[in-house]
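Participant: In case it's useful when we look at the structure, here is the feature table from TrEMBL:
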{"type": "SIGNAL", "residues": "1-18", "note": "signal peptide"}
{"type": "DOMAIN", "residues": "17-33", "note": "domain 'CCHC-type'"}
{"type": "DOMAIN", "residues": "40-56", "note": "domain 'CCHC-type'"}
Amino acid sequence: LGWSTVGVSLLMARPAQCFRCWGLGHTRNACRASTDRGGLCYRYGQGGHIARECDNAPSCAVCREAGREA
């Protein structure tokens with residue numbers, strides 16, 4: 001066996017994301033938002049199906065709701 005040298009770089013920590021409102025910086029347990037997106041498709045933000053069954057192009061429901069390009 002020989003030795004190998006590899007470079008390692010740390011990834012930047014991602015902010016916590018809430019699975020209830022999909023907002024950043026908090027989790028479901030601390031969520032105070034009135035919007036509950038917990039049962040929606042994560043790919044497009046519609047109800048009635050899950051992300052792996054979604055045929056829609058990926059689009060951020062939070063951005064769309066805020067009037068930004070999704």
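Every residue gets a Cβ built from N, Cα and C, even glycine.
Heads up, TrEMBL stuff is auto-annotated, nobody curated it.
Note that this is a predicted model, so its numbers are computed, not measured.
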Participant: Are there residues at least 6 beyond the ends of the signal peptide (1-18) whose Cβ is under 8 Å from a Cβ of it, and what are they?
Facilitator: 24-28, 30-31, 33
Participant: Check the domain 'CCHC-type' (40-56) for me and report the mean pLDDT.
Facilitator: 90
